[in-house]
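Novice: Below is the structure I would like to discuss, written out as structure tokens.
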């Protein structure tokens, strides 16, 4: 009698543990998807914030300044490079005169 009760409890515990792992898996997947959407939205907002080039026309100055919109690095001023993802001129980590 005691062994049957222990066996039932053991099966019940196994089911509870399995359900707990399944719930944790669902929460982890949901959290990852939510974080991915937040990152995409944050990148889109950040890109839109700096995409407008409020400075002078690039033809007038010959190059685009820091955070100016660009398509290739040659459009940016010295010590700036066109950022691959956001398409603006960012510092290329060089220092010089």
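Backbone N, Cα and C atoms are what each Cβ position is placed from, and that goes for glycine too.
Pulled from Swiss-Prot, these are the listed features:
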DISULFID  63-77  disulfide bond
DISULFID  70-82  disulfide bond
DISULFID  76-89  disulfide bond
SIGNAL    1-33  signal peptide
Novice: Do you know offhand how many angstrom separate residue 63 (disulfide bond) and residue 82 (disulfide bond) by C-alpha?
Specialist: 12
Novice: Looking at Cβ-Cβ distances, which residues of the chain lie under 8 angstroms from residue 89 (disulfide bond) while being 6 or more apart from it?
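Specialist: For residue 89 (disulfide bond), the qualifying residues are 64, 65, 66, 67, 68, 70, 75, 76, 77, 80, 81, 82, 83.
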Novice: Using DSSP with the three-state reduction, classify residue 82 (disulfide bond) as helix, strand or coil.
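Specialist: The three-state answer is strand.
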Novice: Could you tell me which three-state DSSP class residue 63 (disulfide bond) falls into?
Specialist: coil
